[in-house]
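For reference, TrEMBL has these:
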type     : residues : note
DOMAIN   : 43-295   : domain 'G-protein coupled receptors family 1 profile'
TRANSMEM : 27-50    : transmembrane segment
TRANSMEM : 62-89    : transmembrane segment
TRANSMEM : 101-122  : transmembrane segment
TRANSMEM : 142-165  : transmembrane segment
TRANSMEM : 203-228  : transmembrane segment
TRANSMEM : 240-262  : transmembrane segment
TRANSMEM : 274-297  : transmembrane segment
Amino acid sequence: MFKLNGTIFMPPVLTLIGIPSLESVQFWIGIPFCDMYIIALFGNSLLLIIIKSERSLHEPMYLFLAMLGATDIALSTCILPKMLGIFWFHLPDIYFDACLFQMWLIHTFQGTKSGILLAMALDRYVAICDPLRHATIFTHKLLTQIGVGVTLRAALLVAPCLILIKCRLKHFGTTVVSHSYCEHMAIVKLAAEDIRVNKICGLFVAFTLLGFDIIFITLSYIRIFITVFNLPQREARLKAVNTCIAHICVFLEFYLLGFFSFFTHRFGFHIPPYIHILLSNLYLLVPPLLNPIVYGVKTKQIRDRVSKVFHSKDSS
C-alpha cells in the first residue's frame, strides 16, 4: 500500500468495520439478521416455486411478483454473507474492486426493484382503469421486455458512479469503511480529494431511478383511486382496492425506509453513525422479509396455494 503526503494511493484492500460503536455486540446483532435472511430466502423461494408451478398464476401481477421475489433474493444475498463474515468471523477486509462490484450490484438491484414496483403500479392502473385492454397490453413478451429493461436501466445508470470512483479518486485518507457493506457514499467519503462530482452523480442516479419511479407510482394510484371511487357498486370498489393493498404496503415499506436511510446518511449530521448503518441494513433486509408475507396474507390465490402445499405435506 503506497502512501503519499499522509494519503493512501489506490488502496488494494478496504476494511468494513460493520456497525460503528456496536462492534462488541455485532455477534448478537448478526443472529436476527441471519434469521431475517433465512426467512426471506425461504418465503421468496416458495413464492417463486408456487407461481412457476401454478398455471393460473401466470398472469402479469404474479409474474411481476416473481420478478420482485427474485430481486429480493439477489439483493439480500449481495450483503448478508459478507456482513455475517464481519459480525461472526472477524473478516472485515475486502478487495477494492470487489467492494465496487458489491456496490454496483446492491444499487443495481435496488433500482431494478424500484422499476418492478413501477411496472406493478402500471399493471394495476390498466387492470382497473382500462380492463378490456389489459390482456392485450400486458403480454408475456412485454413482461419480458419490462424485466430486461428495468434491470438494464438500473445497471447502466449506476455504472457511472462506479467508474467515477475508479477513475477520479486515487488518494484516500483511510481504508476503513464505516459501514457493514459497500455503499456509494461510504466509499466516496474515504477519498482525500474533491468528491463533489461523485456526490452529484450519486444524487442524480438516486433521483432518476427512485424519484422518477415514485412520481409515476403515485400518479398511477391517484388515477386508480379516482376510478375506484367512481364505481357505482360498493362490492366492486372494495374488490378493486383489495387488489392494490398488498402493492401499496410493499411500495410504502420500500420507499419510506429507502428515503429515510438516504437522507439521514447524507444530511443527518446529528444522528449517531450506528443509527445510519442500522437503518441502511434494515432497508435492505426488511422488505425481502415482509414482501412474501404481505402478498401471502393479502392475495387469496397465493394464500390458498400455500395452504394446499403445507396441507398435502401434513396429509402424507
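Cβ coordinates are placed from backbone N, Cα and C, and glycine is handled just like the others.
Unlike curated records, TrEMBL annotations are generated automatically.
When Cβ distances are compared across the two stretches, the transmembrane segment (27-50) makes contact with the transmembrane segment (274-297), since 3 or more pairs at least 6 residues apart fall below 8 angstroms.
Long-range neighbours of the transmembrane segment (203-228) within the same chain, counting only residues 6 or more positions beyond its ends whose Cβ lies under 8 Å from a Cβ of the stretch, are 107, 110-111, 114-115, 117-118, 121-122, 124-125, 128-129, 153-154, 157-158, 160-161, 237, 240-241, 244, 248, 251, 255, 258-259, 262.
Predicted-model confidence for the domain 'G-protein coupled receptors family 1 profile' (43-295) is 90, expressed as mean pLDDT.
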